[in-house]
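Taken straight from TrEMBL:
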| type | residues | note |
| --- | --- | --- |
| REGION | B:1-47 | region 'Disordered' |
| TRANSMEM | B:127-148 | transmembrane segment |
| TRANSMEM | B:176-196 | transmembrane segment |
| TRANSMEM | B:227-245 | transmembrane segment |
| TRANSMEM | B:288-311 | transmembrane segment |
| TRANSMEM | B:323-345 | transmembrane segment |
| TRANSMEM | B:375-399 | transmembrane segment |
| TRANSMEM | B:411-436 | transmembrane segment |
| TRANSMEM | B:489-507 | transmembrane segment |
| TRANSMEM | B:513-535 | transmembrane segment |
| TRANSMEM | B:547-571 | transmembrane segment |
| TRANSMEM | B:577-598 | transmembrane segment |
| DOMAIN | B:742-800 | domain 'CBS' |
There are 2 protein chains.
Amino acid sequence: MANISKKVTWSGRDDEEEQQKRLQEPGEGTPLLNGSTSGPESRHGRQFPHANFFRIGQLSTVNLDDDIQELEAEKSPPSPKEIPHNEKLLSLKYESLDYDNSENLLFLEEERRINRTGFRTVEVSRWIICGLIGILTGLVACFIDIVVENLAGLKYHIVKENIDKFTENGGLSFSLLLWASWNSAFVMVGSLLVAFGEPIAAGSGIPQIKCFLNGVKIPHVVRLKTLVVKVCGVILSVAGGLAVGKEGPMIHSGSVIAAGISQGRSTSLKKDFKIFEYFRRDTEKRDFVSAGAAAGVSAAFGAPVGGVLFSLEEGASFWNQLLTWRIFFASMISTFTLNFVLSFYKNKPGDLSNPGLINFGRFDTKENGYNIYEIFIFICMGAIGGILGAVFNAANYWLTIFRIRYIHRRYLQVIEAMLVAAVTATIAFIMIYYSNDCQPLQENSIEYPLQLFCADGQYNSMASTFFTTPERSVRSLFHDPAGSFDPQTLGLFTLVYFILACWTYGLTVSAGVFIPSLLIGAAWGRLFGILLQLASNGANWADPGKYALLGAAAQLGGIVRMTLSLTVIIVEATGNVTYGFPVMLVLMTAKIVGDCFIEGLYDIHIKLQSVPFLHWEAPVTSHSLISREVMSAPVTCIKRREKVGVIVDFLSDTSSNHNGFPVVENNSDTTQPPRLCGLILRSQLIVLLKHKVFVERENMSLTQRRLKLKDFRDAYPRFPPIQSIHVSQDERECLMDMTEFMNPTPYTVPQDASLPRLFKLFRALGLRHLVVVDGHNRVVGLVTRKDLARYRIGREGLEELYLAQT
Amino acid sequence: MANISKKVTWSGRDDEEEQQKRLQEPGEGTPLLNGSTSGPESRHGRQFPHANFFRIGQLSTVNLDDDIQELEAEKSPPSPKEIPHNEKLLSLKYESLDYDNSENLLFLEEERRINRTGFRTVEVSRWIICGLIGILTGLVACFIDIVVENLAGLKYHIVKENIDKFTENGGLSFSLLLWASWNSAFVMVGSLLVAFGEPIAAGSGIPQIKCFLNGVKIPHVVRLKTLVVKVCGVILSVAGGLAVGKEGPMIHSGSVIAAGISQGRSTSLKKDFKIFEYFRRDTEKRDFVSAGAAAGVSAAFGAPVGGVLFSLEEGASFWNQLLTWRIFFASMISTFTLNFVLSFYKNKPGDLSNPGLINFGRFDTKENGYNIYEIFIFICMGAIGGILGAVFNAANYWLTIFRIRYIHRRYLQVIEAMLVAAVTATIAFIMIYYSNDCQPLQENSIEYPLQLFCADGQYNSMASTFFTTPERSVRSLFHDPAGSFDPQTLGLFTLVYFILACWTYGLTVSAGVFIPSLLIGAAWGRLFGILLQLASNGANWADPGKYALLGAAAQLGGIVRMTLSLTVIIVEATGNVTYGFPVMLVLMTAKIVGDCFIEGLYDIHIKLQSVPFLHWEAPVTSHSLISREVMSAPVTCIKRREKVGVIVDFLSDTSSNHNGFPVVENNSDTTQPPRLCGLILRSQLIVLLKHKVFVERENMSLTQRRLKLKDFRDAYPRFPPIQSIHVSQDERECLMDMTEFMNPTPYTVPQDASLPRLFKLFRALGLRHLVVVDGHNRVVGLVTRKDLARYRIGREGLEELYLAQT
């Protein structure tokens, strides 16, 4: 069952011998015949054969039928059990986005026809779309906020009454049962929606959006259905009391909204508004999705600048001033919309004090400055955050591996989610029950104060962290006056919530990890502050609220490993810049310390999904590789005028899984490889075949209907598979002329360019295919995203990932 | 004297006929023989001949001798009279930076030799350098701040005593004389330093740094001498009471510091520390200069995030996460250093409340929120700012043209600067003298309260804006309680200061335009607020301080036309994010309105200096141009093994002014253009010639000393001119082998790629040369920065600039 191509690892030092060795080794991959793929002959006719499909020994427990079904069922939503279980894999199922325009004759003709006024209209439409993205993202955020508040309010109200009733009479186990059932019921509905509706909507969606902005086409990720499932899912999981936040999913929601609006139609609803047709291509869509992601962050945290930076830090490679301004505009509109609508909902119309879903509350700067000697304390906190973050990530990594192996059936996933919900309620209940930390009740500070066994006029302090939404807990940890929390309560809470949050992330529910991370950090940060205060005999500077904020930053930084954008997000969410420097220090330290142990949480999940993710730079020691070694070869080339039959045949051949084909001159001398004259995409060929743009004889020009760019745009983005196109035997003998449709000026590299050089070109321009040519401009190979993403720095130096069809 | 190549203009619509016409028109340029250039035959063997040297009719008044001297005196500092006086020019004297590494064999060998630990050391050095940049930039800012404060304090103290003395006795004209002389004396020294020391240090330096980050090598811009002159100059011009700020120049200072530290040596001081040798190339230097610019902004405004965004918005094209983090680190360190040192200077060690040179003071958010209906008022303010900014820019544009024509001698420039200083003092004095606006004296609000003819216990309100440093005036306009200023005072002040600031910008002194712009805006903004308060019968929301802030933003935005980074800078400088949305609205509106009339101030000055500046995108209607039309051809190619004599000859030939040469295969068939095999730079050839890396016969290998990368790095960045290298007659017959030194994998484009496609590649990778090849990989032309920068959108559509040697 198992078949793995040989893993080749070498370090910078002895690369020459290694390379020699590699050249001598014959390919070891013996491909496996599989139900749906016809003879997956290795497409790499060189020293590294990549098996098209394989399975690792460990996983032989997985049912084979299941896997074949998955490979066949392209239209059904991908189920999360597809995630491979080995991080040394790169999946071949992900395609790239075409960030580089195919500048064929049709495109150039259109561009030349548009005059300056036309371009101005296009530019204005871009701004309008960004405005709409902002407004809709803000509205979706409002909707989530209001529904969550009401649902959770209802739940806490009922449970509180019940608890109050049974506290005196005894029989609190009924209350626990009630609470746990409420939670499980909410979570069950949410989990069912996700598992059976749209599995891609699970989790926070940030890894998926990161991949999309990186240029990877993740199936279903920006569909309307995903948005609906995501929004309902996140409401239900937050209302269900899980240790999750509603902020992360906003980023995904914003992205879907952006992708939808910018296209001026919905493929799912089969509704075409006939507007924004100019933007129906990957380049424009990806730009708008960056704006959507930024608008999402902005609505979630009230952080428009943070949103822009998030989009840039996580996604963009090419910085464009105009695009950035548009992104900024979308972000601003989004937080403004949220603020405006919530001001009406809260009966204070015009009062713009709710810029985001989470509000950290104002930190009063006059009291809470910081001193120079506190900087060392901050660095320590950063280090603690980094270590705790690494522990969190490692635990979640092993948990995810476990889930992939054993919990890959949908009903199991739903059951696990319900279990977590019930356990969360139970643990919370037990902790509240056995807690002796009673605090005097102050006005308005606690929304659902549980008296339990406390004296009258007092409330249970543990309940103020557990018996409310996580957002409120964060705020009370930041702002409640010194002495509101007992150190023991905080310590216990940190431990328990850490375990719960770690267990929860990766469940089949829509939920984010930002708020739980902040909450864990705020709890131990406050504890740290209290201890400092004790150690320094109640010094003035050791304000627990400040340390709670920095602890929250440290923990979040240790888990997600963002720096610049996270600094700005936290600064914007706190509403003042005094703590900018400490927050930055803490985040930097957390990142540096955390990176010594394990990667960031999102990167772990991206890796576990085997996404061909391109990092910012090529691995440092990869100068020893040249394009000839990296590229895929031999590559299927098409002649400028090719027989329809030939094209249909190789498009149907699943072993040639590229999506772009170099077009070459019709060559009389067959001993030499043919000369490059263009590049055509699989999708373009399919549209050509569908519209039957054929000529009958060699020297006949096109007489049938002339294709326009519109035909390509109408087919975008869901091009039909080749199997759905029927070509008669007569038509197979016709010719197809690519001249008008191919990109006549594809980017090329010489065959001895180094990998970092290729990488830079590929990354900076967001390419999908890069043709490798020899000194005579003859095609010798093709470099795609997978060929570059395959190399990375491992423990023993540069290592190469396996490619797999999984 | 004049000789101009024909200007060809066409719009998107009728481009095809136009192109036809252009193809038929013969070149009209009849080049002019000039003292130093030998036969400037047009290097463009195509339809647009570019005269290598020409002069426009209008300027025939300029002394010819002067111009020849300039062309010859390459080593003497460029004098500002060189600025061409026509914005439809592109100067050929500016070279590009090599942001793309020349990946020759030496480089690859070195990279392959370095192992992971080595790369880690390099990465750590980068962080150390960024830290040092931050520290030194912060210290320089401290130095400027402290010296200015003391010098200006001394001056105001003496003048105030004098005025107080003469107010009662009469004879205030003596006081005026004293004040004016102080100012003129300071400014004279500053201006002399700049005019005769280092003319590039004039102005704020932001346009120059913008160009540098864009990839243009501006001579002398990052030299130590420039830094010294800049720092002294800015101290003297601020102390001299000019309408200038010390913030803009910090950006230039930070950049010089960055360029200096990162190289580990000073060419001026002839001191090589033998460290950081790896960074001695344009790629690394440019990255560090971005960090330096950010650190400068950060120190100036206490805005670390704003600094990063400034660097990115104005400079970067390729966004790299790691680089951005380093830039952020440098910024943070810079503002921290400033804050830390100033806390000691102000005898409050550890009190970190002075993050920047200018401090807008805290805006208390609880009182000064804003209401939804104020948003329309903000948009109006933005529009006013845009219009006033456009007026400012237009006036300064004409003034600059006037200066280029008539005030190009250095002593005239010094005299003008002194005149402005004296006039500024006089006007201020007159305005204070005739002002009747007396206000009751409050504690600590005014540092040098002038009583003049006010009653005891009162001070002259006009003096509180004029008789202090502009930074203090801005702060008092923002924060002084309502009623501190009379509307008439503010109106008059706005008008006068507007004129003064406009006259001052462009003088031969080191000075920034940020603070004067903020001051003008704050004045009319406050006036606007007062009028609103009157109109609304003293409504609570119409706080003059808030409107002063937004007016300041509008005015600054209208002049410099930055949005994202400026929003963040202002938000960080005010210390809270409440006004983020209004500031952003105001800046956006100001930009949109201003752009209808005229460009931003920095862009105007860049254009007037004829710098080949590449914007973010190619002109929208330029899809009609293809590389064949854009490129320079024929291009000088070098054979892989070429005779030394041939190389020396064409390097000495000033008509071939390219700095990179395609290397081609030794071709037996001379009827065909030769095939490309690499690219070599002029500087590399010069190093090769200097070290005499020759072989004597065709099939002899290199026996003499083997060159290392170190030899190239040691020569960087001031490569000797070809004239300084002596080659004997015997040596002329030897051969030079490029194989090891050329870049074997230069980026190429096909000859029918569209201009936007070329542009994108060029801009995204920061290229210096892009080889245009035909279908057989044979060199047909070369595209450089000037070939791309030449095209821009004018009033009548796409237009082409002239190239000139000026």
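Cβ coordinates come from backbone N, Cα and C, glycine included.
Spatially, the transmembrane segment (B:547-571) is adjacent to the transmembrane segment (B:288-311); three or more Cβ-Cβ distances between them are under 8 Å for residues at least 6 apart in sequence. Comparing B:227-245, B:489-507, B:513-535 for CB pairs under 8 angstroms to the transmembrane segment (B:176-196), the maximum falls on B:227-245. Under the criterion of 3 or more C-beta pairs below 8 Å, with sequence separation of 6 or more, the transmembrane segment (B:411-436) and the transmembrane segment (B:323-345) do not qualify as touching, having fewer than 3 such pairs. Remote same-chain partners of the transmembrane segment (B:288-311), defined as residues 6 or more beyond its termini with a Cβ less than 8 Å from a stretch Cβ, comprise 129-130, 133-134, 137-138, 140-141, 209, 212-213, 222, 246-248, 250-259, 261-262, 279, 323-324, 326-328, 330-335, 337-339, 354-359, 514, 562, 564-566, 568-573. The domain 'CBS' (B:742-800): residue composition by secondary structure is 16 helix, 25 strand, 18 coil, according to DSSP. Stretch with the largest number of CB pairs closer than 8 A to the transmembrane segment (B:127-148), among B:227-245, B:323-345, B:489-507: B:323-345. Model confidence over the domain 'CBS' (B:742-800) stands at 89, taken as the mean pLDDT rounded to a whole number.
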